[in-house]
Amino acid sequence: MDAALIILDGWGLGDGTSRDAVAAAETPTFDRLAEAGAYGTLEVAGRRVGLPDGQMGNSEVGHLNIGAGRVVYQEYTRISDSVDDGSFRENDAINTAFDHARENDGRVHFLGLVSDGGVHSDQEHLHALIELAADRDIEAVTHAFTDGRDTSPTGGREYLETLEDVIDEHGTGRVATVSGRYYAMDRDQNWERTKRAYDAIVHREAEYEADSAVDAVEASYDRDVMDEFVEPTTVADRPALEDGAGAEQSSAGSHLALQDGDSVVWFNFRSDRARQLTRMLADIRSEDWADQFETAPPETAVVTLTQYDKTFDLPIAYPPNQPENVLGEVLADAGRTQLRIAESEKYAHVTYFLNGGREVEFDGEIREIVESPDVPTYDRQPEMSAPEVTDTAIATIDSDDPDVLVLNYANPDMVGHTGDYEAAIEAVEAVDEQLGRLTDALESAGADVLITADHGNADDMGTEEDPHTAHTYNDVPLVYVAADGTDGGGRTVREGGTLADVAPTILELIGVRQPPEMTGESLLE
């Protein structure tokens with residue numbers, strides 16, 4: 001085996017103060033490798049990974065940059081730039097949705113995550129859509145999904161207050177429903193969750209009702225349910241009959257429901273957590289949920305901000321700009337075999353995103369997926385499936401002898417998102433234990449090893465009173481361990497590196513020429 005890339009998802013380099021779970025954890029393996037090998041840091045946020053200035057990185061962006069070997073300017077950046085320069089207002093797909101609503105005496109419904117987290121959406125894009133609807137004299141309705149995962153668990157109150165101010169300013173866009181992302185943005189085939197958000201949007205059927213969007217989340221907080229898990233709630237077009245009750249009765253037939261002749265504009269720019277609800281709203285059926293509906297959804301025009309699935313025959317406001325000659329493609333062209341391994345929470349990242357956002361499996365690409373634990377939140381099982389990921393990697397290395405391994409350990413990110421500090425420490429320690437097993441096997445296989453992360457998360461868990469559940473802006477480590485496992489082969493890690501430099505480093509280590517499309521540079525000196 002020639003080389004391995006191990007991605008410690010969410011393992012950032014914090015300031016080492018209290019509730020930095022990475023610093024607090026006992027990590028003898030990582031510490032030993034960092035001391036023995038060549039050690040440096042990488043910048044993983046903002047323009048360094050193709051995001052707007054000041055925006056923290058995320059797993060999708062991180063893996064795209066790693067695989068591309070160049071800075072990949074994200075849809076987020078493209079959309080924000082178009083809002084700033086005004087070209088957003090002339091977008092053909094968005095205008096198609098507006099025209100459809102006007103021609104059918106309907107409304108435009110805006111759907112998406114209302115926060116400034118920058119991982120799935122940016123509330124500024126929604127505000128721009130509302131302003132555009134007002135300028136075009138189109139009645140707009142908003143279905144707000146609350147975050148609490150990439151933002152503070154109670155940040156939804158402030159985001160919705162800001163949204164209501166924007167709505168008041170422009171006179172359109174009123175909030176019709178509020179749902180936590182746990183329901184509206186499920187990506188794990190939990191269709192019963194998605195159906196609850198769907199029923200609120202289409203049928204105005206929900207267990208709870210509120211007089212305003214802010215009231216909806218405040219009532220949820222009173223029930224000790226934070227943003228991510230806010231149960232689908234309808235917002236009354238007249239005062240609720242009773243506090244938190246009677247939603248189905250009082251909202252039946254409301255003009256705020258999604259109806260025939262309306263349009264839908266999704267404002268999430270990340271695709272994975274928008275697919276299930278999009279399938280339901282656009283009647284794109286699949287075997288695993290087709291029998292859940294007695295009637296088809298309303299006949300509407302559905303527009304997505306970015307490409308959610310290449311099989312969806314829907315207008316796309318910002319079609320993908322996919323990099324060519326990515327790491328997997330270059331390895332395949334060179335006749336090298338490659339093994340991609342992750343548990344299901346990160347499987348798309350080491351395949352689809354690492355391959356440039358393309359649903360393609362290159363020649364010689366071996367894929368192994370390990371199912372993530374079936375638990376409500378991963379603080380319940382901080383080790384997740386890391387032991388099984390390691391078992392699978394070692395077994396496949398022995399049986400298939402791939403030339404290059406790319407493996408992701410999900411724990412620091414996924415457990416970091418829960419805000420549970422003690423669980424995050426356990427997650428980091430679990431990964432460190434598995435890192436020891438894996439690197440021992442890689443040393444026996446004669447592989448050069450790169451260890452890094454795509455972004456930070458567990459390195460800042462906030463305070464006990466205000467847990468931090470989002471990613472961080474911190475740099476991440478880069479460790480190079482030479483094939484003999486003892487040192488950095490006499491090499492050092494240069495300063496100023498980014499994730500775009502990882503693929504060129506791997507290609508250099510295995511003696512494959514870097515293509516001109518890759519503008520990154522080897523991290524090793």
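Glycine is no exception: its Cβ is also placed from the backbone N, Cα and C atoms.
Per TrEMBL, the features are:
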- 2-512: domain 'Metalloenzyme' (DOMAIN)
- Asp9, Ser59, Asp454, His455: Mn(2+) 2 binding site (BINDING)
- Ser59: active site, phosphoserine intermediate (ACT_SITE)
- 79-310: domain 'BPG-independent PGAM N-terminal' (DOMAIN)
- His120, Arg149, Asp150, Arg181, Arg187, Arg270, Ser271, Asp272, Arg273, Lys346: substrate binding site (BINDING)
- 235-255: region 'Disordered' (REGION)
- Asp413, His417, His471: Mn(2+) 1 binding site (BINDING)
Min neighbour Cβ count (10 Å) across binding-site residues Arg273, His471 flags Arg273
Drop a 10 Å sphere on every Cβ of the binding-site residues Asp150, Asp454 and tell me which sphere holds the fewest other Cβ atoms.
Asp150
Helix, strand or coil at His471 (Mn(2+) 1 binding site), per DSSP?
coil
I need the nearest neighbour of Asp413 (Mn(2+) 1 binding site) among the binding-site residues His120, Arg273, His455, using C-alpha distances.
His455
Highest Cβ count within 10 Å among the binding-site residues His120, Arg187, His417, His455: which residue is it?
His455
Taking just the CA atoms, what is the gap between Ser59 (Mn(2+) 2 binding site) and Ser271 (substrate binding site) in Å?
13
Could you tell me which of these binding-site residues, Asp9, Asp413, has the fewest other Cβ atoms within 10 Å of its Cβ?
Asp9
Tell me which residues of the chain lie with their Cβ under 8 angstroms from that of Ser271 (substrate binding site), as long as they are six or more apart in sequence?
Thr304, Thr306, Gln307, Tyr308, Asp309
Sequence order is fine: just name those binding-site residues in His120, Asp150, Arg187, His455 with a Cα within 10 angstroms of His471 (Mn(2+) 1 binding site).
Asp150, His455
Excluding Asp413, His417, His471 themselves, the Mn(2+) 1 site's Cβ centre has within 8 Å the residues Asp9, Gly10, Asn58, Ser59, Arg149, Asp150, Pro412, Met414, Gly416, His455, Asn457, Ala458, Thr469, Ala470
